[in-house]
Amino acid sequence: ETAESSQEPGTSSPRQDERTTAYASVVSSPSKPASDHPPPPTVPFATPGLRACKSVLTLLNVLAVIFVLDFVFVPYFFHEAHDVTFMRVGALYPDGAKILVRDPDAAKVKLWVAPLNIPHDVVRQTVYDQVLPSTLEESVDDDTISTRDSLVWQLWSETEPSVTPDFTYVLRLTHLEAHTHYVVRGVRHFANDTTQELNRVAFRTAPLPSASLKGETLPTGVKFTFASGSCIKPNFPYHPLSVSRLPGFRSMAQHSAEFLLFLGDFIYADVPYFFGPAVEDYRRLYRQVYSESDTLTLLERMPMIHMYDDHEVLNNWDRRSKFPTENALTAYEEYQGLANPDPPLLDTRRPFHVRYLSYVSKMYKRTVGTWLSRTKETAGQWWSSLVNTQPMDALAPIMDTFSSTNGTRTDPVAITEPTVEVEDDFDEEVSAEVVDNTEHSEALRPSFFTFEYGDVAFFVMDTRRYRSPDRDPDTVNKTMLGSVQKQYLHDWLTRVNHTHAFKMIASSVPLTRNWVLGDGDVDTWAGFLTERSEILRWVKNVPNVVFLSGDRHEVAVTRLGLPEDIQRYQIFRERFTSNVGDPDEDIPHDRTASTALTVYDEDSIDDRPIDFSTSPINQFYVPLINSYNATTDLDESIFYRRVGNIKYGLFHVDTASNPNQPTLTYQLFTEDFA
């Protein structure tokens, strides 16, 4: 008899006990009979190596949460930058420039100006390096400053900073020489008789406009460089425990450009989180950008001319002047708009028929209204003498119908002349407030404007405040510019057609329809093709029109077409498609990608205007996905690049070397973050 058969009931063999003990850690009930199947493998969760791995993962998760909180909330709670002081140059004129100053503490600020001898642009940065660092070590006289920088300073202005809501104000430098380099220093004077210097700024005044050169022997052409781009976010990509990084501005400061045309998204009110729509919430974001050392480095060397886009309000803003537009644009005006070239005052008036009806209404008030008021006065006196009592209570319902224009009931006996606000709508001088209430807010002036640099004319659009909702059907009634701005653009094209070599039109969003992913087909001009075609038909008869845009965090150079000319454009497709850059190709060893384009010359047949869309100056790009369609039947791609967190363009304009063949060279700069 075997050992197994002689085993008493209720007992287990030693082998079975051993088996049960071997894998008791993974069997929930050891008292059950063991299975004949082999035990499952043990998972050693409790080994020291895995415990260390879990600890590392936990630490990484905690650090990720800390970094997110640091990136989102530290700038809001601990970096409000109320004490930031700076001075920057805005609009340039042949006889001067606009200077924007922010100083919350000084009792007064003196501005001193000195000319600079810079014979060639190749030495501009060297001279700037010598004169821009502060050297205020001696006392300040009333008429001059003698410092070790050997500059001849002249006192230009002594200003007591006005108590503005956020301590910003703009001064206009005048009586300077055209096309001449200058350096400006601001000296802060405090109540305790101490002084301190603001940052210095250097710039070159604009050349005389082409209209001023008619009949004179001065050269009519200019050679200059300006920068263009959009979209910045401080401390991006994120560096732990740092709020002061804008490497895109740091890179741009190395170039000798006359000015930077910033095409919007200077702040991101809703990224990474929208903290509120109050004016102070928007002001804080501007102060934070201007407190960056990289920003101040750029401000010292390059004037800035600004337009705004959606993120100055909210993402993809298409609600015109609805809340919080006024709050957002109030802060924008304080830090950006006031230093821009002045917006139009004459051409923003209401259409003629509206102004005519307003004029008739006012004339009615002056004539018939006066007669009614006097008749009312006479009737009241007659009724009072007739019944020998006070007429006001009895005649109150009647008197209300003849009340003054402010909507309150007025004693007719006390009025001898009606209160009429005399305005002549046909006067050539109108106030800075916009009067077309259907498209403009009463409290804000226009944000579109024009300016000139020699024989090059610029039109800077406002593509947000007057646009129809993005999702509206694309019909003749859908507009991005609004009727007033569009008419002003038409009049401007007519005015500069025969007087300026190049006509630059700046739009915060691209003109091309080639961006097709995300919101590219609705938020850009791709969603407003009817109005775009109307503008392109105007441009078709105006040579050398160039569009500048940003917004997409990518770079694309595109020829813009009209639907009726698609067949004619087919002959150019093969010619330009071969020039499209590989969006993922490596940058040359100097980390700079450039392409030179002669926009119009006598050998060119394709007369379509070009849209140069360049962004971001300091923001993210979308990896792996190309949202730009290089092959469409309407617009022809010349160059496209997606990769790069820093991307900005330099435009080299030459209308002097050969006035009959002006050239525009576009140079793209893109590099890794430093």
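Each Cβ is built from the backbone N, Cα and C atoms, and glycine gets one as well.
Annotated features, as they stand in TrEMBL:
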COMPBIAS  1-14  compositional bias 'Polar residues'
REGION    1-42  region 'Disordered'
COMPBIAS  24-33  compositional bias 'Low complexity'
TRANSMEM  56-78  transmembrane segment
DOMAIN    246-325  domain 'PhoD-like phosphatase metallophosphatase'
DOMAIN    447-580  domain 'PhoD-like phosphatase metallophosphatase'
Subject >> Arithmetic mean of per-residue pLDDT over the domain 'PhoD-like phosphatase metallophosphatase' (246-325) >> reply: 96
Original post:
Mind checking how the domain 'PhoD-like phosphatase metallophosphatase' (246-325) divides into helix, strand and coil residues in DSSP?
Top reply: 31 helix, 6 strand, 43 coil
Subject >> DSSP helix/strand/coil residue counts for the domain 'PhoD-like phosphatase metallophosphatase' (447-580) >> reply: 45 helix, 26 strand, 63 coil
